[in-house]
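Below is one structure; the comments refer to it alone.
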């Protein structure tokens, strides 16, 4: 290999940063970038004396993923804000419970026909364009809902919810893309988990806050005031985040973080066909097994979240606030599960094994929840819901990252989009199906209905081959830290 002096010349030649400040090493061998960020610099020594493309890690990657998590939170909060106070919304707008269920299901329905245009925009226009579209729609949806706090304006609140639902098209597929574009090979799964973390935290807040802000009162004017307060709070947060995204959010780092990303930047020609990429993904049988199994798992989570208020109220009347807290428990436990699974994947790279184990434990958690919901002890429901959430919600980033491994070098946004499309389809089917079963036979039958499909998903996961293509690409050109001091 080259000695230290030659390494320095090689890095300077390849980086071509155009500014001496970019090339000055810090004491630990890192470099200071053009805007003052300390970054890690990597290169590779290969047998024939040539170098791999340089890779760098910028500190601002953490600001980017944190900002994404924040606006994902804002959008996810709106998904469940009506469902968790279903009984209050039905009384205020004088509609039936199924109409209120559609305020949540519209998020799922909107995703299905528009997923391909949305992933095409992510593929061709990039992360910043998708972030701006997501925040513009999210902000517009919240302000439309501000004007809907009257009993005769259910259609306006539905219009606002539909607008916010369109925003999620530019959000749900981004965690794996953002993680791959900005983060190193040893932290990409953790970064994806942080991206998913924001969405889960939004759902958690959606379970907790609406029952506190909108109490079940009989005075319609007072109820309208509480609803209007909730809508104004959502609109204020969404507007602030929109402005922040315009100012802060960047498309991609100047230098790619990994060798696989460096290859992706070079290998995607101008004649790249989005339709051909979709066809290749649809022809990848192991990926398609993951698409269906992912949809079954996440679809069950969507159904449970949407109908949680109705299930709790059936066994524990007048416990709207505790229904929200149980939902919060599910999601908080799932957030912990997501982060732990992400860190575990970064350390072990055991994608297939971890995904299968978490899937099996999701099934076990669902069975325990089904058999204990009607025991009459709320603390038991809190406990079993937490166990269920830890594994079922913790599964979300596992599916994203496993999909990227199975489909590399295809676009991460496209593979994630197909996963989410499957989840929305099954989410609608399971929500409607479970609601009808609960109405006719009770909550136990409705939850066993979901358990059957989780068992099918577990079996399908077992047949997925662990073909880790992204890991192979990184190993072929594995970068070593360069000390140029």
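A Cβ is built for glycine as well, from the same backbone N, Cα and C atoms used for every other residue.
What TrEMBL says about a protein is an automatic prediction, not a curated fact.
According to TrEMBL, the feature transmembrane segment maps to residues 188-209, out of the candidate ranges 188-209, 254-275. Range annotated as transmembrane segment by TrEMBL, chosen from 287-305, 306-324: 287-305. As annotated in TrEMBL, transmembrane segment covers the listed stretch 62-82 rather than the other ranges in 62-82, 167-187. In TrEMBL, the feature transmembrane segment is placed on 418-438, out of the ranges 40-60, 418-438. Below 8 A, the CB atoms of the transmembrane segment (287-305) and the transmembrane segment (378-398) form 3+ pairs separated by six or more positions in the chain. Taking residue pairs at least 6 apart in sequence, the transmembrane segment (378-398) and the transmembrane segment (356-372) share three or more C-beta contacts under 8 angstroms. Note: the stretches the transmembrane segment (188-209) and the transmembrane segment (378-398) are in contact (3+ CB pairs below 8 A, sequence gap of 6 or more). Here the transmembrane segment (444-464) has Cβ contacts under 8 Å with residues 286, 289-290, 292-294, 296-297, 299-300, 303-304, 307, 311, 352, 355-356, 359-360, 362-363, 366-367, 369-371, 373-374, 402, 406, 426, 430, 433-435, 437-438 of the same chain, all six or more residues outside its ends. Among the listed stretches 62-82, 102-122, 129-147, 378-398, 418-438, the one sharing the most Cβ pairs under 8 Å with the transmembrane segment (229-249) is 129-147.
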